[in-house]
Amino acid sequence: MAENVRIAVFASGSGSNFAALNKACSVGDIPADIVLVVTDKPDAFVVERAKQANISVVALRPRDFATKQAYEQAILDALEEAQAEWLILAGYMRLIGSVLLNAYPERIVNIHPSLLPSFPGKDAIGQAVAAGVKVTGVTVHLVDEGMDTGPILAQRAVDVVDNDAQKTAYAIHATEHELYAETLKDLFNN
């Protein structure tokens with residue numbers, strides 16, 4: 001049996017996708033080990049979730065660095081020390097720059113709460129509700145230099161619930177947890 005893939009999870013918020021990924025890795029649904037959590041917000045709840053799971057955390061604020069390249073180099077140093085093979089973005093609210101893109105070509109994955117290319121960027125669920133669409137969804141894609149523009153790996157539709165962003169967000173998050181695990185399992189098994 002092949003060794004598990006060593007992944008680093010990037011998150012900026014509560015870490016619900018991190019928690020779902022960690023559970024899926026722990027029970028063997030994803031053939032991977034989370035070796036590091038990276039956050040740009042030291043006070044984000046994902047830090048506590050990672051600590052509870054005994055997973056190392058690197059919490060670096062971009063404003064503490066002179067340039068984006070210096071910020072990403074500090075992250076890259078931690079990734080190399082942890083021997084991370086793939087970067088998994090799970091609610092990380094920053095564009096990935098050239099330092100990380102060059103170090104992990106076609107090995108950075110993101111999940112986005114819309115059926116891309118519709119509603120890229122922030123507040124995709126709010127954008128979908130405001131547009132009056134009846135169906136939105138979830139996209140898992142490889143990361144490139146653009147905002148949610150990388151090659152699509154998987155998508156799943158989710159109905160907009162009662163034209164309500166909060167109700168729709170609940171349905172989106174449940175779908176994200178399922179689709180991310182399924183997609184990463186397929187990606188790492190092939």
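Glycine is treated like the rest: Cβ placed from N, Cα and C.
Under the heading active site, proton donor, TrEMBL lists HIS112. Taken residue by residue with DSSP, HIS112 (active site, proton donor) is part of a strand. Note on HIS112 (active site, proton donor): other Cβ atoms within 10 Å of its Cβ, all shown chains, come to 23.
Within 10 Å of the C-beta atom of LYS68 ((6R)-10-formyltetrahydrofolate binding site) sit 15 other C-beta atoms, taking all shown protein chains into account. LYS68 ((6R)-10-formyltetrahydrofolate binding site) carries a helical DSSP state (H, G or I). Per TrEMBL, the feature (6R)-10-formyltetrahydrofolate binding site maps to LYS68, MET93, ARG94, LEU95, ILE96, ASN110.
Marked as domain 'Formyl transferase N-terminal' by TrEMBL: 6-183.
Taken from TrEMBL, the feature site 'Raises pKa of active site His' applies to ASP148. Counting every protein chain shown, 20 other Cβ atoms lie within 10 Å of the Cβ of ASP148 (site 'Raises pKa of active site His').
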Just counting, how many other CB atoms are there within 10 A of the CB of ARG94 ((6R)-10-formyltetrahydrofolate binding site)? 13
Those residues of the chain, 6+ apart, with a Cβ under 8 Å from that of ILE96 ((6R)-10-formyltetrahydrofolate binding site): GLU72, LEU87, LEU89, ILE108, VAL143, GLU145
Do you know the mean pLDDT across the domain 'Formyl transferase N-terminal' (6-183)? 96
Would you give the longest CA-CA distance, in whole angstrom, between residues of LYS68, MET93, ARG94, LEU95, ILE96, ASN110, the set recorded as binding (6R)-10-formyltetrahydrofolate? 20
